[in-house]
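Taken from Swiss-Prot, the feature substrate binding site applies to 25, 26, 27, 28, 29, 75, 152, 207, 330. Feature annotation from Swiss-Prot assigns site 'Transition state stabilizer' to 75; the stated evidence is sequence analysis.
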């Protein structure tokens with residue numbers, strides 16, 4: 001039995017006593033205890049692949065702040081890693097793949113990994129975290145979106161131009177669609193396995209959807225997000241596991257995403273929540289969308305911006321605060337002050353009381 005079900009109620013647009021709050025990258029390098037755990041573990045991957053350490057890191061922010069959810073400590077690139085691309089990290093450069101896929105032959109060789117063998121460490125982490133949370137707050141599981149995973153798989157790492165994947169979109173769209181289809185199959189299986197292991201809400205991160213033109217977004221990202229929303233088995237009625245579709249730069253697509261079949265849409269700070277709520281038209285809950293850079297501001301500035309964000313949502317939602325999960329518009333940065341996170345959480349709780 002969940003002691004705090006605010007997140008699940010808000011994602012299902014049910015009444016809550018205050019707006020729930022959690023933060024993307026709430027378990028991360030801004031916390032000294034995270035840095036100590038990482039130093040002990042040796043690397044990011046050795047933390048993510050050890051269920052007990054992944055659990056320890058997942059719980060760290062909840063031991064400091066009264067957050068309304070835990071999010072699994074993992075990485076969006078676990079799926080391509082399990083497909084054989086071999087993930088590694090370069091200090092200062094981020095994730096890389098030793099075996100990127102750049103032609104039809106390599107793409108056609110890819111298969112959906114087995115979730116309880118190649119990705120068992122993720123499912124074991126979900127199980128351990130659920131046990132340790134002991135019903136205190138819900139656990140969010142997640143995956144990268146098909147488009148975002150394909151970006152990394154083809155580029156071989158992060159990119160500024162996305163030249164390789166965009167060239168494939170123009171020159172061999174059928175090959176790219178084959179890759180996106182395979183990755184979508186894997187994402188659906190991955191999220192279903194996390195749900196079976198105990199995840200109580202699920203989020204898809206379409207981090208790079210915003211680099212596409214509207215026509216390309218509607219061809220190479222949105223249809224695959226919609227397929228996930230339609231095909232991912234999430235249960236029925238009160239037991240249904242809510243699905244959040246988050247994207248950077250997705251504000252112009254809120255109406256499309258609201259029609260996808262997901263329970264909620266997460267937006268970044270480049271659209272006002274008032275505008276996003278009007279576009280959503282009450283069909284989905286909204287999550288977001290404070291600019292993470294606000295945490296560099298003074299405590300007073302943070303409180304002011306939290307109030308503006310809460311009010312913006314209500315303004316676009318007919319005066320009601322229901323159906324909103326407070327979050328940042330993207331993940332936290334390593335140089336942010338943990339005390340400012342405490343200010344943010346306290347402000348959300350105080351200012352959103354019903």
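Numbering starts at 1 and runs along the chain as displayed.
Glycine is no exception: its Cβ is also placed from the backbone N, Cα and C atoms.
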Inter-residue Cα distance where the pair is residue 75 (site 'Transition state stabilizer') and residue 27 (substrate binding site), in Å: 12
Fewest Cβ neighbours within 10 Å, where candidates are the binding-site residues 25, 29, 330: 29
Under 8 Å by Cβ from residue 152 (substrate binding site), counting only residues of that chain that are 6 or more apart: 77, 80, 95, 97, 144, 158
Residue 330 (substrate binding site) in three-state DSSP notation: coil
Local backbone state of residue 27 (substrate binding site), from DSSP in three classes: coil
Listed recorded positions (27, 75), ranked by Cβ neighbours within 10 Å, top entry: 27
Mapped DSSP class for residue 152 (substrate binding site), helix or strand or coil: helix
Substrate site span - longest C-alpha distance across 25, 26, 27, 28, 29, 75, 152, 207, 330, in Å: 23
Cα-to-Cα gap, residue 25 (substrate binding site) vs residue 75 (site 'Transition state stabilizer'), nearest whole Å: 11
Rounded Cα separation (Å) that holds between residue 75 (site 'Transition state stabilizer') and residue 29 (substrate binding site): 14
